[in-house]
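To start, the structure itself, in structure tokens.
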Amino acid sequence: MNSSLQRLEKKIGYQFKDESFLKLALTHRSANGTHNERLEFLGDSILSFVVADDLYHRFPKVDEGDMSRMRATLVRGHTLAELGREFQLGDYLYLGPGELKSGGFRRDSILADAVEAIIGAIYLDSDTETVRGIILSWYNTRLESIEPGVSQKDPKTRLQEYLQGRRKPLPTYTVTKIKGEAHNQEFTIECIVAGLDKPVIGKGSSRRKAEQSAADIALGQLN
């Protein structure tokens with residue numbers, strides 16, 4: 001195996017017996033030939049099961065609704081993309097020229113899909129218990145810190161519920177600035193919230209993320 005992939009193996013905590021599984025997991029459909037989408041499908045199902053099983057045993061008194069919300073938080077694309085960045089996965093992806101040029105190695109969806117594909121690849125290269133152990137090692141900190149209840153709602157939802165519960169008007173979000181090229185933009189949002197003297201400013205790589213950032217800051221100031 002080449003030294004580059006060996007470095008990645010150390011980061012993910014698994015050494016492949018068959019290098020071709022890892023290479024396939026890192027190959028986006030924009031690259032010519034076979035790509036990682038079948039592995040992604042497999043990995044998505046495995047991840048969902050492993051996380052659901054852990055939550056079931058970790059929280060014996062929590063109902064189905066809260067467990068579903070916790071699982072959704074843990075397996076959503078944003079969380080998977082965070083894992084991908086922790087592994088510096090963008091440095092190892094095989095992308096077509098168009099995706100390379102547009103910064104695909106930084107895109108949340110591509111990183112998240114590759115993480116799921118790696119899970120599928122590890123399963124095919126090993127067995128159920130091995131892939132379970134790898135997933136739980138990746139998620140250890142997140143599983144230790146997650147709690148049932150309101151924390152699983154996103155900041156915009158929590159801010160809205162906070163204001164509604166106090167019979168206050170809903171916040172308004174306005175884009176005040178968009179910086180950068182189309183594939184690598186930064187949005188600045190101004191959020192006006194009843195009860196706060198000044199508008200709250202949030203920034204993010206999309207309008208939605210900037211709004212969530214502003215809502216999170218507003219909640220911190222209100223509480």
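Backbone N, Cα and C define each Cβ position, glycine as well.
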In Swiss-Prot, the Mg(2+) site includes ASP113, GLU116. Which of GLU40, GLU181, GLU186 does it also list there? GLU40
The domain 'RNase III' (5-127) [mean pLDDT, rounded to integer]: 92
Under a three-state DSSP reduction, the secondary structure at GLU116 (active site) is helix
Per-residue Cβ crowding (10 Å cut-off), top of binding-site residues GLU40, ASP113: ASP113
Cβ neighbour count within 10 Å, max among the active-site residues ASP44, GLU116, goes to GLU116
